[in-house]
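K.L.:
Dropping the structure in here first, questions after.
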C-alpha cells in the first residue's frame, strides 16, 4: 500500500529529468500551493461522498453492493499483509524489468479501474437518463455444486444503464492505458478511494483504532526506516496514488513535476470517518458531530503533513499525523459529551451474514408452508 505524501521536486518522486541529465526549474509558490490544495481537495471528495454512500450501502439489500466488514482480527493482520506486499513489490522491481512488471500491473488496474469508475458514476449518471430509456435488467450468476449443495460464487445484478456507465469508464481506461495521463490516473484513483470508503466497513471503533494504529507504525517504518515505500511509489505505474503537477501553470496539461498522495492515506482514515458517520446516525440525535469532527481532523492532519513536508523537504508518512488527529479529536469530543461508552460499544453486524440469516429464515418458512399444504391435502 502506497501511503506516503511526497514532493517530487525534493527528490521523492519522478526522476525523469535526472535520468535525462537535466535539472527541473524550481516550482513557483503558486504552483506548489495549487498542487497541495488540489491534493487536499481530491482526498476530501471520496471521503465525504464515500461516507454518505456507505450509509446507503449498509442499509441496502442488493447482494452486488454488500459491504465487506473488517473485524479486529482482519485489522491486526492488515499491516503485516501490507508490509509483505510492499516488500514483495520492492524486490520485484529490483530483480525484474520494471517495464514488464508495469505492463502487467497496467492491464490489471485497467480492468479494476473501469469497474470501480463505473460503480462510482452510476448513481450520478442515472439522473441523466430519460424516463423513456429502455432499461433491461441482467444478472451474472456463477454457482458451484447442484441441488441442496449449490453455492453462489458470484451473484451480480446490473442493468442497461450500468452497461452505459461501463462503456464511458472504458474510454477513460483506454486513455489511461495508452497515455498514462495524470488526469486519467486521478479519475481511477478517486474511484478506487470512493469505492473503498463505501464498501469497506469497520465493525466497531475499537477495530478502527487497531487498524489505524497498526498502519501508523507501518507507515512510519517504511517511510522513515527504509527507502522501500518511496522507491515503489516512484516505480509503480498504477493509479494507487493521487497526483497533481506543481508546474501546471507553466506547462499546462502536459506538466510532469508531480506531488503525490497515496490512496492509503485517503481510504484508511476514510473508512474510520465513515464508521463515525454511521455511529452518529445510530444515536438518532439528528446531528453528525463525530463525522464532522473527524472530517475536520483529517483536514488538519493532512494540512500538517503538507506543512512538515514543505519545511523539511522530505517525503512524509501522512498517517503519522492523520491517525492521532482522526482518533484523538472524536475521542475528545466523546469525553466532553460523556459518550465514550456508547462510542466504543457501537457494533455493526456483517450485512452478508444478516442477508444469509434472512434467506435461511425465508427458506425455512417456505418449506414449512409447503409441508402444511401437503398435510391439509
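Positions of Cβ are set from backbone N, Cα and C atoms, glycine also.
Feature list, courtesy of TrEMBL:
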{"type": "REGION", "residues": "1-26", "note": "region 'Disordered'"}
{"type": "REGION", "residues": "351-377", "note": "region 'Disordered'"}
{"type": "TRANSMEM", "residues": "33-55", "note": "transmembrane segment"}
{"type": "TRANSMEM", "residues": "75-93", "note": "transmembrane segment"}
{"type": "TRANSMEM", "residues": "100-121", "note": "transmembrane segment"}
{"type": "TRANSMEM", "residues": "199-224", "note": "transmembrane segment"}
{"type": "TRANSMEM", "residues": "258-277", "note": "transmembrane segment"}
{"type": "TRANSMEM", "residues": "289-312", "note": "transmembrane segment"}
{"type": "TRANSMEM", "residues": "318-336", "note": "transmembrane segment"}
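Set these features in their place in the structure for me.
P.N.:
Away from its own ends, the transmembrane segment (258-277) comes close to residues 1-9, 13-14, 32, 35-36, 39, 42-43, 46-47, 50-52, 54-55, 70, 82, 182, 189, 192-193, 196-198, 200-202, 204-205, 208, 211-212, 215, 219, 233, 240-246, 288, 290-291, 293-295, 298, 301-302, 318-319, 322-323, 326-327, 330, 348 of its chain (Cβ-Cβ under 8 Å, at least six residues beyond either end).
If you look at the transmembrane segment (289-312), the same-chain residues 6 or more away from its ends with a CB under 8 A from one of its CBs are 5-7, 10, 32, 36, 39-40, 43-44, 47-48, 51, 265, 269, 272-273, 276-277, 279-280, 318, 320-326, 328-330, 333-334, 337, 343.
Remote same-chain residues near the transmembrane segment (318-336) are listed as 3-5, 208-209, 212-213, 215-216, 218-220, 261-262, 264-265, 268-269, 272-273, 276, 289-290, 293-294, 296-298, 300-302, 304-305, 308, 342-343 (criterion: CB distance under 8 Å, separation of at least six residues from the stretch ends).
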K.L.:
Please identify the stretch among 33-55, 100-121, 199-224 with the greatest number of Cβ pairs below 8 Å relative to the transmembrane segment (75-93).
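P.N.:
Per the Cβ under 8 Å count, 199-224.
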